[in-house]
Structures are given as C-alpha cells and as structure tokens.
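J.: Next up is a structure, given as structure tokens.
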Amino acid sequence: MPKNTSLKKVLLIGSGPIQIGQAAEFDYAGSQACKAVREEGIEVVLVNSNPATIQTDPETADKVYVEPLKADIIAEIIKKEKPDGILSGMGGQTGLNLTAELYELGALEGVQILGTPLEAIYHGEDRDLFKKLMLEIGEPIPKSFILTKIEQLDEAYEEVGLPAIIRPAYTLGGAGGGVANTKEELRTIVEHGLTKSRVHQVLIEESVKGWNEIEFEVMRDAADTCIIICGMENVDPMGVHTGESVVVAPILSLTSDEFGIMRRAAIKIIRALNVQGGCNIQFAFNNGDYRVIEVNPRVSRSSALASKATGYPIARVAAKVAIGLHLDEIMNTVTGCTPACFEPAVDYVVVKVSRWPFDKFKTADRTLTTSMKSTGEVMAIGRTVEEGFKKALRSLDTDIYRHTDLNEIRMILSRPTDERFPTLFDAFRLGMTVKEVYDLTQIEPFFLEKIQNVVDIELELRDHPTEELVKTSKKFGFSNAEIRELTGWNIYKIESLVGLPTYKMVDTCSAEFPAKTPYYYSTWEQECELTQSDRKKILILGSGAIRIGQGIEFDYCTVHAVKSLREEGIEVHILNNNPETVSTDFDTSDRLYFEPMQLEDVVNILRKGDYDGVMVQFGGQNSVNLAIPIQEEIKLFGLKTKVLGTSPDNMDVAEDRNRFSVLLDQNNIPSPANGSAYSEKEAYAIANKIGYPVLVRPSYVLGGRAMELVHDELELQTYIKEAVRVSNTHPVLIDRYLDNATELDVDAVSDGETVLIGGVMEHIEEAGVHSGDSACVIPTQTLTPEQIATVKDYTRKIALSLGVVGLINIQYAIHKGTVYVLEANPRASRTVPFVSKATGLPLAKIAAKLMLGKKLADLGYQEKEISHVAVKEVLLPFSRLPGVDPILGPEMKSTGEVIGIDYDFGRAFYKASQAADNTIPLKGNVFISVTNDQKTEILPIARKLYDLGFSLYGTEGTVKFLAQNDIPMNLVRKVQEGSPNILDMIRALDVHLLINTPGDKNARADHLQIMRASIDYSIPYITTIFGAEAAVQAIESMKTNTITVEPLSHYHS
C-alpha cells in the first residue's frame, strides 16, 4: 500500500483538447499516472473533455467523465465522487489552473492536493511570488517588473528597458507573451498578455536573448530525495520558447563545473517549492553566468521528451510519489531491477525538432518567440549529434527548401523562424564560417560545428565519393537515398556496401543492468542489441509528429490495435518518432523503434525482424502512402511479411479518382461531377465543364492540404499552381461544389464479407468546410430514416467492393434530397475515437482483429442505437497564429477536439462549445452580420435570440431588414465608417456573441478584423448559418434544462 493510507479515491484532471502548447504529452502522462495509482489499489476518477485520448477510455480509470474542464463542473464531480485527493500535475497548465481555481472556490475542502502543493502552483505560476522566492533563496533572475494593469506600463518600461520579454502568469506555452523591441510592441504584447492571464498579471523582464537555454527535469519525493532525470540544452538561444527550439540531450556544450552549478541550483529550487513529483526548471546561461527563467511544477512537454530520451517513466514515478511512495520504494519498470532513485544514464544523443503548421497557414507570422506556434515534434536518437540532427530532419516528413542565395540565407539566419535550422546547412554549403553564422544566430558554436561536419561530408560525397566515405556518412545519419543523390551511385550498390543498421537499446542505465522493456534506435556500429523470439510478430506504423490533419486520433487507433493484437498472443512492435504519445510509452508494445518513418527505415526493420505482417492502416495518410512501396520492397527482398488488412491496390482505388468513379458507377452510387487534371490546361477544361464554384485538391494528402473552393478561372489559376506543387506525381482532383448541402461522416469496419457500421455523424457546418473542422453529432438530427438507410447501404457496397479488411471512413453530402459520396478512406480516420466514445464500440480494436483474419460474426459486435447525443467540436489555433485567416473552408485548420454528451442536442452542443473554450452565452448582446443572400436564413435565428432576451446589434443593412420583419436591432457602424464601431464594442467587451458570415472580397477585410478582435478578446464567434442554428438550440435547451454530469459508463450502459 502507499505510504499515504488515507487515499482510497483520487481525482485526476486531464489536459483537454490538443492545442498549440499542450499536445499529446498529457495523454501519455495522464494514462501512465492512472495506471500507476490504480496499481496501488486506489480508485481513480478521471475528468477530461478530449475524446481522442487513450486517457478517456473506460478502462483507463475506474470512472471517466468526458466533461468540459471548467471549475464549476469539476466541483460538481468532486461533490458526487468525494475523492480523498486530487492529482493536478498530470493535466498540464490546464490542470494546475483548475486546481488553483477549485481551491479559490472552496471546492477542495477535505480533498488533499497531491504531488504539486498549492503553494508550489502559486510560486511557479504567479510571477511575483516566483520572483520573491528566487530572491529569498539567493538564485539569480533577470531584472523584471510585474504589472496587473496597463497604466503601469511606463513605470515598467523605465525600470526594465528594451528589448524586453513578456511572460503572462498562468498561461499555456507562453500564450500572450513575446519579445518586444519597441515601446509600441511592448504595449501591444502586454495588453494581449493581460487578457490571456487568469489573474491578469504580466511579468516584463530584461531580455537575455542570445544566452544559451538549459533545462533540467528534476524529481523529488516526500523524504527530500532529489534526482536529476535529464539535462537538456536548446540549440536555439534564449528568446525562443523551449517548445519551439531544437533540443539536444544530454547537455554536451557545458563543462562539468558549469553543469554542476546549475544542477545544484535546480535541486535547491525544487526543494524551496516543496514539489513532490516532477518539475521542469529552465535557466539562461552565458559564459559562466546564469539566470533562473522559469519553473513548471508539473509534468510538461519537456518531461515527455526527457522521459522518452532517457527511458525513465517520469509520469509514472511522479504519480507514485504524489500518493506518498518514496523513490527508493518505486521500481524502475524499464530495467525491472533498479529503484527510481537511480539517476538515468545515457550513452547516445537525442534530438527534438518541432513541427509547425505553416504549410497550412501561408499568411502566418513565422517568427519564433516566447509564445509557442508548433503543433507537434519528433525525436531522433543517434550515437552522435550529427546523426541525431540528420535523423530528426528526416523524421519531420516535410519538404525542406534549399536556399542558394547568400543574402537570403543571412536574412533567414538573422531571426528565428521554422526555416532557420535547416538553413544553417545551406549557410555552410555556401562557405559561411562558424563565426559568421554565430554572429547572426547566437547559436552555440559547438552545435554549428556539428552541422558543418555534416555539410563537409555531404560535399565530399558529391565531389569525391569513395566506399570508405559512404560507410562513414552512414554514421553521420545520411540515408541511402541521399547518398545516391549526392554520389550518383546505383541504390543497390549502396545497399550492398553499407548493409543493414545495427539497433541499440534505450534502457535508462547505459546497459549496466539488463532491461525488461527497452526500446531501440538504429545506428551504424558492429554490435546489434536486438534479440528475436519465435512468436508471431507484427509491426505497426505510427503517425509521427502531430500536425493539422493528422493528430492524436491516429495514435489512439495505433494503441488500440496494439492492445487488440496482444490479446491474441501476437508480439507487437511499433515504429514511431513522436515523444509525446502513448504509443511511444515504454510498455505499450512488446518493442518500440524510435526511427524516421521513411520507406528505407521501415524496410530495414522489416528485413531485420522476420515479421509476419505490417499494418499501415492506423498511422494516418502518411503510413497509407507507404503501403504500395512497402509491398514492392517486400517482394524485392523476398520477405514473408504481408501488408495486412485492405490490400494496397484497393487503397489506391479509393485514392485514384478515375478508378473510384468506376467503382461507384458499377454500384449505381452518385458522386458530384468531377475530374482529374494532370495539367493546368486540363484543369480549366474540367472546371468549365463542371461549372463554378469547384473544389480543387491534390490527391494523397491529409487534412485537405492545399484544398480550395474556387469561384472563377482567375482563382483557379492561382490555386491550381499550389495544388500541383504539393502533389506533382498525382493528378489534381476537381469536384462540383454542392452548396448548402448536409455533410456526413461514416466510420465502419469490415472483414471483407460483412460490414459493421460504427456511427453515422452529421456535420453541423455545411459542406465546403473541411470535415476535420466541422462540429458533428451522433445520432444524426435532420436525416430521414430513408436517407440513413441509403447511407448505410452505400457504405456496405463501397466497403465490400473495395475489399476492405479493417477500417473505412466515407464522407457523404445530401444535396436537394440526393445522397452523394464525396470520398472514401480505407484506413483509420480522425473520427474513430469520437465514435468509439459516443457508442462504446471499440472500432480500432475490432479492425485489428479482422486484419488478423477473424470474422465479425465470431466477435459478437452489433451496431448500436444510442439514447443520448454526442457532439464533437474542434479547437482552432487562431489565437496563437497572428495573421492567419480564421475563416473555415475546405483546408483543415483545427488542432484538436472535444466531446459534449447529454440527452438532447442543445445541451450536448453547449457542453462541446464550453469544452472548446467558445462558451455560448445565455444572455447579453449579440452582433449579427450576414451576406445579403443569407438574410432570410438569419431571420428565424434573430427572432429566437430576441425572444430569448438577447439585445441584437448589426450594421445598417441587417438593421433595416430585421426592422421590416418586426425585430428590433441596435445600429452599429461598419469598421470603415469610423468609431464607435463593432471593433470598439468588442474591445470594451460589450458584445457577448458574434454571428458573422464571410461575404465577398470587399466585405472580407471587415470580417477578418472582426474575427481577429473576437479571438484576441475571447468572445465566442460563429461564421455559418448552420452553426448559428445549433447555438440557438443550445441556448433554448439550457434555458429550460441543466446539464447532466455523469461518467461515460452511465451513457454506455
């Protein structure tokens, strides 16, 4: 039993939806913590609003609540469940903030705060308290000023000067912060920071921009035992958020004395905070001098990286410590024979590189500052820094543009952006020196020299290739494909020369002790540490870095597939490179490979491992794109491995527009008029034949990348170039646009003979908004029984015609009563977790068993009719990305999702909106501005809002139209008509809901300004008529009902 015997039941707060600054690392941390606490015989109650996480699976905790993460709702759960303790440190910034709020509400009476004490939360998050504590214990901090109102700005400016770094209190991933170089920038960032801070507090500190950034991950228990789990150094200097920076572990550029100084400081700080559990401490370092920058008294993104980098299960150990165990009483489950008080040792180099959404958002400001913009990250492991850098860049799976103009390179290097790290290689290719590059970037010369080493080998390979040099280049992380490109040699000659890589273990102890659950990375040395069993083995490809269009949903599917296969006695191995996820946890699979997910890396593992099968269905579009190449390589090398599930050729039928159209025609299934164009000329001819507007998109891409709705030939000219560039080996797909259609998503599984439909989801936004960005609902709300029957019939016909074995997602549109098929994806989709949580059907688990050859009839699952309503709503990243067009369209923009469950649509939609931080007000002022052709559609919505007691505001045209229909509305000036206008109302917080649909190009500028202001001031906004109708239903329902707060099992039973 744990030392704290008073604990019988513990509440764990999750982190909510995936968003910039808070990604899958908390799914991993919370899932590990639940397991760790339950092992000690303590009941766990979990609350989280994210349906896409393993954490919200019914089997993760004793009770799972998928409710909005709001203090009043959690207070109600506490009343109902009466937990003895609350674990706040596993839910990221959200968990800490909510714990502080619950305490301030008086909701934690009789509930122990475990692990991270309240004082530590306040000292770590409140900038003023943190500053006082550091001064008290004699730790140096940058000169700073704390303000709580904008009127203090002049005083702060006089005291701190410029440049200055702005850090709001209680915010996530540096939200609302930044670096100010002018007084105008200072005012803008501080105003924004004050609105983002929970306590309306901002720290302005002297800039230590250009200093090295060093981090320590520290663990402490109740007996005051402290250990350093991992030291990490940021390649990017201070001024760039650590979540954005390239990070290297272990610390390599400091002397042992310098390392020792900061190690002692880190231990002193965690003791002063009295944290029991994990803590992340960040320092700025410059020529022997250092400053304490910040403390995260919780599990963080850096903790996830440190955990995967060392193999030390930080979240698991932190949870055990929080419930009273000491480090020497906790076993390290990786070795199975050493206690958790042993500091990890590493004999390799780990590199983390972030992934940004700028391929989606061309207009976003790409400058990296103290406020995060990245959506995910990859981790690579090598024996050298050089190998780590090369493997990390390969793992990103992005196009890296080569710069050949020195002036352009100097400009890119002079400010931190997502392009700077790969451009360092270009600088050395063109002969710049380490000193020149350092002067522009302030990047530690140690790392610049490593990049120069890579470039030196690259240039030698190009100019003087030898067999010895080729072998050397492999140790520096070069792929065979790169070597072929540089040398011009035949790929088979290279492969026969270098052979296969060796695989080394990550085991927390540099192989001092035998490891029970190690994971592996490839390198080019003599001794291979892999061992083989005679069990049946399957390799599953993961989904890599979280990006828009390919999020945590695919990791959820991967983990479910692993669990399902292990139940069947299969030895399951995973290939993935995302350090944040549950799939890369030490004990999820029988073996984990931390590797790039390129064809060469996959095939090397297949050749080394004697696999019976490989599964590509669960890792999203990137894994599916490898299906045909993997099958060709399997034939080439004569391997026994099979690509399991739907055949790669049938996957291609679904992607190839012409082949798929033939299949639909054979089954008499309608689809919108469409065509495939291989050239611009063909595209114009197809679009003219179909008639504008048309949807144009490349094939074989995820998240609707480069998909656009184009209205005329001029727009097509602009967009077709982008689409062709994105997918130059595949045709561009052009479809008729079905305006005002109702869009549907269907997730199903098939064994090749029978089809089980998991759920039919109705989109709340109209067709034309990417399915990943639209809210959706199960069961459907407006479809007739005949339409539902048609959709199910078409789903069965398509799945069987495609020979689907496993999962399939099909998108439909209902236009003027006709059901049209838009597309089919015979793989895991981003809605699989939502459908599983809504219905209780574990679709990914079922699919994995079917891919083994089992039949649906033997598994005993049936389609489910549910009596409740589940709504999925999305989280959009616009508050993080200034300059981005916030209007939804056919290209996906959301980063994560939430779920709302209740017994009618209105309450479920209200809960989903609340969980997505777009809470619909139940009273106040509503601003309405719609296009002329939508005025009749807004009429019933405006009337209902007025009848519900709202005051309506609008511009002249809307006011006149509503007056003609006896609905009073207050007149507001348009933006270009001068003040006071709608922007002034937003800034004064005098408007509580905006319904503003985008108009033509002339009105769009106004619309964008209004949208941006509403985002900055956190005012809920709606941009479609369909969304406005749903909001009115929510308000009506909430006026007459209260929301239901029950565990997920209550709905499934």
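Backbone N, Cα and C define each Cβ position, glycine as well.
Since the structure is predicted, the reported quantities are computational estimates derived from the model, not experimental observations.
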J.: Kindly point out which candidate in Gln787, Gln811 is recorded by Swiss-Prot as part of the ATP 2 site with Arg697, Arg736, Leu738, Glu743, Gly768, Val769, His770, Ser771, Glu823.
T.: Gln811
J.: What is the number of other Cβ atoms found within 10 Å of the Cβ of Asn825 (Mg(2+) 4 binding site)?
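T.: Result for Asn825 (Mg(2+) 4 binding site): 20 other Cβ atoms within 10 Å.
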J.: Kindly assign Leu738 (ATP 2 binding site) to one of the three DSSP-derived states: helix, strand or coil.
T.: coil
J.: Are there any residues at least 6 positions away along the chain from Gln811 (ATP 2 binding site) with a Cβ closer than 8 Å to its Cβ? List them or say none.
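T.: Listed in sequence order, they are Glu743, Leu744, Asp745, Val746, Ser771, Val821, Leu822, Glu823, Ala824.
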J.: Given the binding-site residues Glu294, Arg697, Leu738, His770, Asn825, state which is nearest to Glu213 (ATP 1 binding site) when distance is taken between Cα atoms.
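T.: Given the candidates Glu294, Arg697, Leu738, His770, Asn825, the nearest one is Glu294.
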J.: Between Asn825 (Mg(2+) 4 binding site) and His770 (ATP 2 binding site), find the distance joining the two CA atoms and give it rounded to the nearest Å.
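T.: Cα of Asn825 (Mg(2+) 4 binding site) to Cα of His770 (ATP 2 binding site) measures 15 Å after rounding.
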J.: Here are the binding-site residues: Val240, Leu738. Which has the lowest count of other Cβ atoms within 10 Å?
T.: Leu738
J.: Filter the binding-site residues Glu206, Gln282, Arg697, Leu738 down to the ones within 10 angstroms of Asn296 (Mg(2+) 2 binding site), Cα to Cα, kept in sequence order.
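T.: Cα within 10 Å of Asn296 (Mg(2+) 2 binding site): Gln282.
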J.: So the record assigns Arg697, Arg736, Leu738, Glu743, Gly768, Val769, His770, Ser771, Gln811, Glu823 to ATP 2. If I measure every Cα pair among those residues, what is the longest distance in angstrom, as a whole number?
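T.: Comparing all Cα pairs, the maximum is 18 Å.
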J.: For the binding-site residues Glu206, Glu213, Glu294, Glu823, which Cβ has the most other Cβ atoms within 10 Å, all shown protein chains included?
T.: Glu213
